[in-house]
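For reference, the structure discussed in these notes is given below.
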Amino acid sequence: MAESEDLSNSSSNSSSREDMHFFEGVEKLLEIWFEPSTACKNADLRKIPRPMWDALLKTVRCEIISFTRNDQIDAYVLSESSMFVSKRRWILKTCGTTTPLQCFEPLLRLAAEIAGYTEIEDLFYSRKNYKRPELQVSPHRGFDEEVAFLDSFFDDGRAYSLGAINRDCWHLYTLSRGGGGSKILKRNNHLHQLMEQHHSQQQQLQQQQEDDDVQQLDAQLIEASMQPDPDQTIEILMTDLDPSVMAIFTKDVCTTAKEATQKSGIHRLLPGMVIDDYLFDPCGYSMNGISKNGCYMTIHITPEREFSYVSFESNVASSDYGELIKRVTRTFQPGKFIVTVFANKTSIAANANREIEHLGTIDQWKRRDIQYSRFASYDLTYAQYCKYPS
């Protein structure tokens, strides 16, 4: 998270500190998988140079403040959360009043012109409900507006809201595919015109593919028969956090990010991660962790008592997330939290729904809601927990 926003122009009739000083910790999470390219064998999103990422993130209203990488993944700590770039997966997670959907068209240009990708295999846009939605800007002023924006690019998008929409809930937009990726250039006429404008080489590639329909069909049939690589993501979104824990993530208590990481126990959540952390002034904390096998974790903390928020996310594979959920919630002591688990059919986390169904209580937290959804490529489990009444 970045430094809190000054809302001193709010109504003078309110004396609430929250009206004068507020930061929206809830992140907007956009994850895109690009279809492997048969025409460009060395396609790779990590070919996109740093200055182009800097320019793209300006449209989102954030900037890069730290960077780490290994052979599998590039990880960026941002002024508002994180970005992860792998060979064909791109993740952007931003808080505050950022506008991640605004970078969608520029990203597609970079993916086609530099990285070598012209097809989207899968897309996920998700977020918890905002604490103060009236402060957001277009196209993020409401989930309906976000859905309309994405629908302008995709004719196979689907929108869902899980949980109690008048309380804590979680929104998701994803694609409904019958198998295989769809061509960006053919799915939407607006996008077709956009891409034609910016890379004539891709036009030539299209023509070549159209001239060889039989070969293209064979490639699609072979690809459709292949099992996807295992993939999974767990998110734990926490609110109403223990003030004594949140105090660790202020400059009054810790002078460095490393001190906050050690004192809080974050370094013990997933041992073996290379951690890149940042402590904001006067308060707030962000970290990325990456491992040699391509797994990542990311944590973002808004510690102010009136609007405290912590998010934890990782793609680490597990057949039993119960222990990880316990470690995370014991570390941060939330009053309530939401857990979401995405897993495809080849993941060892494919049965997460059954596991979480048996987790009616986790230490002092009781499950209040659980929902399960099955999509074409992934299964999703959503659960919401609250601390026992004191």
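Cβ coordinates come from backbone N, Cα and C, glycine included.
Automatic prediction, not curation, is the source of TrEMBL annotations.
Per TrEMBL, the features are as follows:
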- S81: active site, schiff-base intermediate with substrate (ACT_SITE)
- C95: active site, proton donor (ACT_SITE)
- S286: active site, proton acceptor (ACT_SITE)
- H300: active site, proton acceptor (ACT_SITE)
- F23, E80, F280, E304: substrate binding site (BINDING)
- S81: pyruvic acid (Ser) (MOD_RES)
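F280 (substrate binding site) has its Cα within 10 Å of the Cα of these active-site residues: S286, taken from S81, C95, S286, H300. For the binding-site residues F23, F280, counting C-beta atoms within 10 A of each C-beta gives the highest total at F23. Ranking the binding-site residues E80, E304 by C-beta neighbours within 10 Å puts E80 at the top. Closest in space to E80 (substrate binding site), of the active-site residues given as C95, S286, H300, is C95, taking the CA atom of each residue.
Between S81 (active site, schiff-base intermediate with substrate) and C95 (active site, proton donor), the C-alpha separation comes to 6 Å.
The shortest Cα-Cα distance from S286 (active site, proton acceptor) to any of the recorded positions (F23, C95, H300, E304) is found for H300. Spacing of C95 (active site, proton donor) relative to F23 (substrate binding site) is 9 Å (Cα to Cα, whole number). H300 (active site, proton acceptor) and F23 (substrate binding site) are 12 Å apart (CA-CA, integer value).
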